[in-house]
Every structure is written in structure tokens, then in C-alpha cells.
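Novice: This is the structure I have questions about; it appears just below.
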Amino acid sequence: MPAVTYEHIKTCKQSGARLGIVHTPHGSFETPMFMPVGTKATVKTMSPEELRQIEAKIILGNTYHLWLQPGNDIIKHAGGLHKFMNWDGPILTDSGGFQVFSLSNLRKITEEGVEFRHHTNGSKLFLSPEKSMQIQNDLGSDIMMAFDECPPMPAEYDYVKKSIERTTRWAKRCLDAHQRPEDQALFGIIQGGEYEDLREQSAKDLVELDFPGYAIGGLSVGEPKPVMYKMVEHTEQFMPKDKPRYLMGVGSPDALIECSIRGMDMFDCVLPTRIARNGTCMTSQGRLVIKNAKFADDLRPLDENCDCYTCQNYSRAYIRHLIKAEETFGIRLTTIHNLHFLLKLMEDIRQAIREDRLLDFKEEFFEQYGLNVENPKNF
């Protein structure tokens, strides 16, 4: 039996949304689920205890960054990533591929792997399917990702076609190199840019390899959202119904709802934590930029409909002061709020699927979120 399995509970009668449970060696979580990103073995400014309090069930670690610092050997010596960072829930690690393709301009792709420069000190590095598997086996995550090529968007058809074929060959090498299939599940990543036939080919080729789960990669990289939704809708039909489906890099409220409707189960994104650091907050009325002068004496919470620690205890005026003064506590408060907001949104999505009313929920949510006149429909 694979290390990770998917249990289907029901499909929403209004949409293609799925309610399910993903079972892992470190516990189970209901889907659709958002996964906070802990790039360097920490979700920035948050303790594992705080993550549990806001109902985070699974978090993401970054293979590329952890390989470079502190090094996978140190994490292995500590007993794996769970012990190293004191998180006993499920962890997903990416393959390092996205960082190699996005952070480094000086890269050379060969059949063997990718040669590139360290994003800070310029030293030469090499990452291959085998190396990515070795690092992720050392990290000991519950879900590992296959090492894939991430073509830019847009890219020429012929280039993307060659790229997905290489991604499939690399996926086979990942399966061969994976040392711990009994306690770590390896997911394949479907690529194909904005070309429907290539997405289909990539999905079918990878499904033949029988991974325990599948991701859609190469979206949410700056393309218009309708293009992303179209690609998800098209690709979903070629993904197994009995395995988890992970849409990589998606974390805006509208996209989480739209892509849950289109049958996706798992999502991750740095968006809620990244925007929190400059004082941008997600609220039920839309985005709120706390640095704005009008909040200087506003004693209301960030969101009057929110029961997170931040909203129960602190005012907009206080949080604005902290962010303006560059106090770390301000970033902690906005991060707690944004992550709580998205995890609560996922809970609401799951409840709407249970009640067969996800399209109704979408309409209600969008209408309220768009009430922010200053920032209409900006998710």
C-alpha cells in the first residue's frame, strides 16, 4: 500500500468539487486543503503550536532552500524534517525544480539535470532527478514531488512539447531513485504550459507511471486567471479519481474557490505570508492595506467577521503602528490573520461541498469580497 492514500467522501452536486481525506504517515487531513509554505523549515514568524491553533493540517518545505541551508545531511542527522522543526503533522516537499527555473537565470538544462548558479553567492550547483530524490528522502517528508522542468509561460509549442517529454523521463528516474516508497509518497507533476493537448499528453504519460498522487505545475506564474482555470478544467479529466490532486502555487481566495470547483484537492502558496509582511490583509470585505492613513485611529479589528487571535485582541490602529514601525510582532499578527483567513475559507468550501452548494457559496463570497470599493475584486 502506498504511503499516502485518498479517500473520496463526496462530489458536490452543483460542481465538480470533491470532499475527501488524504491519509499520510503523520496523520490525515480533509480536502480541499490549503498548505502554508514553510520554505526554510519554518512558516515565517509562526511557531508550530500557532499553526496547529489556526487548524493548519499540512505544511510545505522547500527542497532547494533546505539543501543549500542548513543542508539535507544535518536534517537527516536530526531525524528528519518533522523532528528538526518540531512539526508532527504531514509535510510536503517540492522537488527544487521550480526554484532552479525561477531563481537562476544562468542555468543549463541537459538530459542529466540542471546546472545552475547559487541564487546568492553564484557558486555552481547541479540538481538532477536522483539528487532531488536523495535530498527529499533525507528530509523525510510525507509527500515528495518529482523533479520536473518548469517551462516559462508563455513558451513556444515545440519547446514545451520537448519539455514535457523530458519531465516524463525524469519522473521515471525519480521513481527508480526513490528509496523510501513505504513511508514517503512521490507525486508526479503534470506540465504543458497553456497547450491543452500537451497537458493531456503529460497527464496520460504520468498516469501510466502510477504515482500515488498528481500535481498540476506550471500555472499561477503570471498568466491570466481564465487561462489557468481553463488548463485546470482540461487537465483534471485525465487525472485519477482515486488519488490526491494538487494544484501548485495557488493561494488567492478566488482561485482557491474556482479550482476547488474544478476538482482540485490541495493548494499551496506564499501569498498570504508574503503580503502579510507588507501589511496587506485578506478580509471578508476584500483586501485591506493596513498602512493606509485612514486606519491610524481605527480601533476595529482587521475583520469583524474573524475569530483569529489577531482579530480577537488587536485593533487596526495598533497593527498599523507596528507595521509602520517595522516591528516583527506586526508581521506575526498579519500572518496569523491571513493564514487563518485562508484555512477558514477552505473549511467553508468543504462545508459548502457537503451541502451541495459550492456555486452559491462562491457567489456570496465574491459579492462580499468585492464590496471593498477601494480595491474592487482584487484578490
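Any Cβ shown, glycine's included, is placed from N, Cα and C.
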Novice: Looking at Swiss-Prot, Asp94, Ser95, Gly96, Gly97, Phe98, Asp148, Gln191 are annotated for substrate. Which of Gly61, Gly218, Gly222 sits in that same site?
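Specialist: The record-listed residue among the candidates is Gly218.
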Novice: According to Swiss-Prot, which of these ranges is region 'RNA binding': 46-52, 249-255, 298-304?
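Specialist: In Swiss-Prot, the region 'RNA binding' feature sits at 249-255.
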Novice: Can you dig out which of the ranges 208-212, 273-277, 323-327 Swiss-Prot describes as region 'RNA binding'?
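Specialist: It is 273-277 that Swiss-Prot annotates as region 'RNA binding'.
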Novice: Of the residues His234, His337, only one is listed by Swiss-Prot in the Zn(2+) site with Cys306, Cys308, Cys311. Which is it?
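Specialist: The record-listed residue among the candidates is His337.
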Novice: Summarise the model confidence on the region 'RNA binding' (273-277) as a single mean pLDDT, whole number.
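Specialist: For the region 'RNA binding' (273-277), the model's average pLDDT rounds to 98.
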Novice: Let me know the most crowded of the binding-site residues, choosing from Cys306, Cys308, Cys311 and counting other Cβ atoms within 10 Å.
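Specialist: Of Cys306, Cys308, Cys311, the one with the most crowded Cβ is Cys311.
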Novice: Whole-number answer please: how many Å between the C-alpha atoms of Asp148 (substrate binding site) and Cys311 (Zn(2+) binding site)?
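Specialist: For Asp148 (substrate binding site) versus Cys311 (Zn(2+) binding site), the Cα atoms are 41 Å apart.
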Novice: Applying a 10 Å Cβ distance cut-off over all chains shown, what neighbour count does His337 (Zn(2+) binding site) have?
Specialist: 28
Novice: Going by C-alpha positions, which of the recorded positions (Gly96, Phe98, Gly218, Asp268) is nearest His337 (Zn(2+) binding site)?
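Specialist: For His337 (Zn(2+) binding site), the closest Cα among Gly96, Phe98, Gly218, Asp268 is found at Asp268.
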Novice: Would you mind pulling the longest C-alpha to C-alpha span across Asp94, Ser95, Gly96, Gly97, Phe98, Asp148, Gln191, Gly218, which the record has binding substrate, in angstrom?
Specialist: 15
